[in-house]
Amino acid sequence: MTANVKQITRLLKPLRLLLLGPPGSGKGTQTSRLLKQIPQLSSLSSGDILRQEIKSESKFGREAATYIAQGKLLPDDLITQLITFRLSTMGWLRPPATWLLDGFPRTTAQASALDGVLKQHNADLNLVVELDVPESAILERIENRYVHVPSGRVYNLQYNPPKVPGLDDITGEPLTKRLDDTVEVFKKRIEEYKKTNEPLKEYYKKSGLLSTVSGESSDIIFPKLLNLITSKFGH
Ligand code: ATP
Ligand code: MG
């Protein structure tokens, strides 16, 4: 193999992964990196879907925006219906699909609703990873963060700037600031996270699925995350 051929990872078993972690912990960044590294993998981010709904000014998007702008979670049944519908239309309920979820489930009610759906199709989650990033590192990232809404690609003006300022690297389309990436709304999102995350972690600890990877930056976390996945799912 020549040095400029990127090495890819092939999994031997289907992976159905949930990424957990506080707002701004880099779930979107880790997702992009995993997708590049593991061609078999697909991903779905509840936040990205909601931002696309808002952008298209759908009825659902308008309703979602009222919660998101305040840093509040959407009602469990609303988000659960949206996401499980997507899972089924994308064919993710038919094993051996290999996928990762970011941002859903967020509460134990969502987790048990999802488990119910997945169980019916013999496609249970088989790994849950919490990204453990210090809160001090997170706040600073939020202010420098820009997103490409159609793809969910995330940029950081400091660590991971776009090649052309203000434009997505792949499509050249404009980047935008998230309406909830302000200091005040961010505080509220962190509060919401703290309330719901402990019981959610407990839920997945009980089912034996939970692992944690810690680090100050996405560069430190990524190799640990990839190692964890390949040690369990082969390569
Ligand atoms: P980040 O994307 O910075 O890691 P985050 O996890 O807070 O942070 P998103 O997942 O993009 O951000 O979610 C943004 C908002 O969308 C949430 O604050 C909430 O209002 C809504 N939302 C997303 N997923 C869910 C969910 N599973 N349940 C309820 N609300 C949700
Ligand atoms: Mg995100």
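Residue 1 is the first one shown; counting continues down the chain.
Heads up, the Cβ atoms here are built off N, Cα and C, so glycines get one too.
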For the GTP site that TrEMBL describes with GLY24, SER25, GLY26, LYS27, GLY28, THR29, ARG145, VAL154, TYR155, which of these is also annotated: SER218, SER231?
SER218
Per TrEMBL, member of ARG62, ARG94, ARG178 binding AMP alongside SER46, ARG51, LYS72, LEU73, LEU74, GLY103, PHE104, PRO105, ARG106, GLN110, ARG189:
ARG178
Among the binding-site residues GLY24, GLY26, GLY28, point out the residue whose Cβ has the most other Cβ atoms within 10 Å, with all shown protein chains included in the count.
GLY26
GLY26 (GTP binding site) - helix vs strand vs coil (DSSP):
coil
Per 10 Å Cβ neighbour count, which of the binding-site residues LYS72, ARG145 ranks highest?
ARG145
Rounded Cα-Cα span from ARG178 (AMP binding site) to TYR155 (GTP binding site), Å:
12
